[in-house]
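Novice: Quick paste from TrEMBL:
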- 31-280: domain 'G-protein coupled receptors family 1 profile' (DOMAIN)
- 16-38: transmembrane segment (TRANSMEM)
- 50-69: transmembrane segment (TRANSMEM)
- 81-110: transmembrane segment (TRANSMEM)
- 122-142: transmembrane segment (TRANSMEM)
- 187-206: transmembrane segment (TRANSMEM)
- 227-250: transmembrane segment (TRANSMEM)
- 262-282: transmembrane segment (TRANSMEM)
Amino acid sequence: EFLLMGFSEEPELQPLIFGLFLSMYLITVFGNLLIILAVSSASHLHTPMYFFLTNLSLVDICFTSATVPKMLWNIQTQSKVITYAGCITQMYFFIFCAGLEIFLLTVMAYDRFVAICHPLHYTVIMNPWLCGLLVLVSWILSALNSLLQSLMVVPLSFCTALEIPHFFCELNQMIQLACSDTFLNNMVMYFVAMLLGGGAFIGILYSYSKIVSSIRGISSAQGKYKAFSTCASHLLVVSLFYCTGLGVYLSSAATQSSHSSATASVMYTVITPMLNPFIYSLRNKDIKKSLTRLCGMTATKG
């Protein structure tokens, strides 16, 4: 068994932490479900961009569900215990969802690149077969990556200090607790982080550099605004996810404080998935219309 130490050991703060995280979790699940329902119920939204957005919303729900419910349960039962099998399982799903989020954001950047830089060939290039293949490959690669990293933790032996200074079983924290040699684990972890995170980020930056060049070539101001508005939501989500994720690792490397790392991790594990539906719905007229119609239909039936 491991002990998830969470954010604070002070009893008077536990109700506040419970209420705060329960609220954020419910908003995340409800908001992302609304996006999925809005896209599913409107036939004119059955396009590649909204197909990827639906997958992203599904992943956001799973991403938050991998960590927050266990933390809420531990606060409610006044227990910090998580079993070894539970820890490995939680770590697997967290790595899986994080990798899938990175892949989907990259695929969405490519979709925007094709839509703006090659508008006449968009429907030919982004055909249903390719869209399905891109998502399928993203799921498979994420599953293989998380399986590899989780299985590499299994042979490690752990000493008596089994306290994880985090609110979930984070891979780096688990490796630090091990008594056995973790050189290979660290090598694989940092290599995959650089390959997936760094490679995907470079791909996104390249796509948007081409998009900006294309937008600058548009003569009318209205055309420029329309082209940029289709990318604004995705740019906000990418910036939020990568900046907070990068901030976590930079802050933990600078301060060497596990507690500050756990607090900073909330930004990309909980807050980003919660804000994604607001960012997309507030900046997207089609989503807003679909949600309004969906709410109207629900009110009429009621």
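Glycine is no exception: its Cβ is also placed from the backbone N, Cα and C atoms.
Looking at the shown structure, can you explain where the listed features end up?
Specialist: Sequence-remote contacts of a segment are chain residues at least 6 beyond its ends whose Cβ falls under 8 Å from one of its Cβ atoms, and for the transmembrane segment (16-38) they are 6-8, 45, 53-54, 57-58, 60-61, 64-65, 68-69, 71-72, 75-76, 270-271, 273-274, 276-278, 280-281, 287, 290-291, 294.
Long-range contacts of the transmembrane segment (50-69) within its own chain (CB-CB distance under 8 A, at least 6 residues past either end) are made by residues 21, 24-25, 28-29, 32-33, 35-36, 39-40, 90, 93-94, 97-98, 100-101, 104-105, 107-108, 111, 131, 135, 167-168, 237, 269-270, 272-274, 276-277, 280, 286.
A Cβ distance under 8 Å defines the sequence-distant neighbours of the transmembrane segment (227-250), meaning residues of its chain 6+ beyond its ends; these are 49, 56, 101, 105, 108-109, 112, 115-116, 197, 201, 204, 208, 211, 214-215, 218, 261, 264-265, 267-268, 271-272, 275-276, 279-280, 283-284.
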Novice: Counting CB pairs under 8 Å, which listed stretch among 81-110, 122-142, 262-282 touches the transmembrane segment (187-206) the most?
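Specialist: Most Cβ pairs under 8 Å with the transmembrane segment (187-206) come from 81-110.
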Novice: Please compute the mean pLDDT of the model over the domain 'G-protein coupled receptors family 1 profile' (31-280).
Specialist: 86
